Amino acid sequence: CIANRNGCQPDGSQGNCCSGYCHKEPGWVAGYCR
């Protein structure tokens, strides 16, 4: 899984966050796990 503060996509296309939550705001190309 993806560690906190590492890059992610909410749709899971880059893998799943260890925390289960990918934070991505409007306009961002990618989000980050937290």
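Placed from the backbone N, Cα and C atoms, the Cβ positions cover glycine too.
The disulfide bond recorded by Swiss-Prot for Cys22 reaches one of Cys8, Cys18; that cysteine is Cys8. When Swiss-Prot is consulted, the disulfide partner of Cys33, picked from Cys1, Cys17, turns out to be Cys17. Put simply, Cys33 (disulfide bond) is 8 Å from Cys18 (disulfide bond) when counted between their Cα atoms.
In the structure as shown, the Cβ atom of Cys8 (disulfide bond) sits within 10 Å of 26 other Cβ atoms. Cβ-based neighbour count (10 Å, all protein chains) for Cys18 (disulfide bond) stands at 12.
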